[in-house]
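One structure is given here, and the rest of the page talks about it.
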């Protein structure tokens with residue numbers, strides 16, 4: 001009889017709490033549709049990992065094998081980058097390259113949060129891994145955390161994906177706090193008459209990879225895989241591969257990535273004060289990313305004749321395309337005739353490049 | 001506090017690095033669009 005109940009006898013209170021946390025993530029995924037492709041597998045992975053004597057984890061558990069072969073080797077984030085690269089259309093950015101600068105400014109939250117985390121007693125590598133939540137880019141967060149602070153991988157991933165899904169809730173109040181209604185009503189001159197040739201579209205991923213690689217060799221895996229995916233897309237001769245990367249590869253790796261990350265959420269690793277602190281600081285990172293982009297645009301407006309709608313600066317975070325949609329929605333609330341969507345999309349795409357460069361620089365600068 | 005000051009130093013270097021890289025990309029895109037214009 002004892003053998004039938006040995007699992008029940010070993011069940012601890014903290015494991016029950018983890019079941020509830022896993023359940024909340026699944027609830028958020030299904031009911032609220034917050035990043036369901038990630039939060040649902042993460043939630044279920046958390047439940048699998050916290051069942052006493054779970055055969056899913058441990059030396060020979062399939063989730064441990066996936067963790068060792070997909071996360072520790074950094075293979076999953078890299079494969080996701082290939083898929084993301086195949087999904088991105090860089091044309092709006094190539095038409096208005098000025099938007100690139102917002103993709104740089106909106107990475108401020110990463111470094112600000114890193115400094116805050118250092119103040120709270122985390123060491124430099126842990127602080128950098130927490131700050132990178134502000135990249136608003138799950139694979140980059142996982143990539144950096146795997147290299148610098150594996151023991152914090154679970155809370156960092158959960159925070160990164162949760163806040164990405166909460167962009168429509170986080171960004172508007174920050175934007176409204178930092179801008180006046182008159183600024184939010186600024187119409188921007190469209191620059192979409194510029195036609196981008198096929199040659200430029202093909203050269204762009206190749207040239208960016210070479211330059212970024214030379215500047216920060218450690219970022220080659222990140223940038224190279226993203227740009228490889230994009231090259232497949234724009235080449236025009238690999239349609240089948242491009243579609244496979246956008247669909248089959250993305251879906252399969254996302255599925256495995258989510259449940260594997262969830263499996264690291266064991267009670268002993270997850271239920272501690274630092275998890276709460278990391279989740280709180282993830283929010284700080286997103287707030288200061290948004291603020292960095294908006295304030296940068298406002299500073300530029302001091303010198304520019306054709307003013308920029310400062311809300312576009314907030315789209316410089318990597319959460320694509322949610323952030324651009326949020327900006328357009330606020331712009332139309334202020335003035336229904338105002339269309340800043342394409343400018344915001346340009347800044348949003350720039351944010352994806354900016355976040356990867358930020359990740360590469362963090363890996364280069366933090367020793 | 002040493003870690004905090006180190007993080008501030010990385011913040012300055014990091015943001016400078018991002019803006020430098022982005023400026024370079026900006027110039028490259030402008031050049032590429034000029035050198036390889038869309039054929040009409």
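Every residue gets a Cβ built from N, Cα and C, even glycine.
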Among ranges A:202-228, A:310-336, whichever one TrEMBL labels transmembrane segment: A:202-228
Non-local residues, at least 6 beyond the ends, that sit with Cβ under 8 Å of the transmembrane segment (A:202-228): 74, 77-79, 81-82, 84-85, 88, 90, 94, 139-140, 143, 234-235, 352-353, 356-357, 359-361, 363-364
Long-range Cβ neighbours of the transmembrane segment (A:100-121) (under 8 Å; 6 or more residues past either end): 93, 127-128, 130-135, 277, 281-282, 284-293, 295-297, 300, 312-317, 347, 349-355, 357-358, 362
Among A:12-30, A:69-88, A:249-270, A:339-366, stretch most in contact with the transmembrane segment (A:127-145) (C-beta, under 8 angstroms): A:339-366
Residues of the parent chain within Cβ reach of the transmembrane segment (A:69-88), under 8 Å, 6 or more residues beyond its termini: 138-140, 142-143, 146-147, 150, 153, 205, 221-222, 225-233, 242, 245-246, 249-250, 253-254, 256-257, 260-261, 320, 349, 352
Same-chain residues at least 6 beyond the ends of the transmembrane segment (A:12-30) whose Cβ lies under 8 Å from its Cβ atoms: 36, 38-40, 42-47, 49-52, 158, 162, 165, 262, 265-268, 270-271
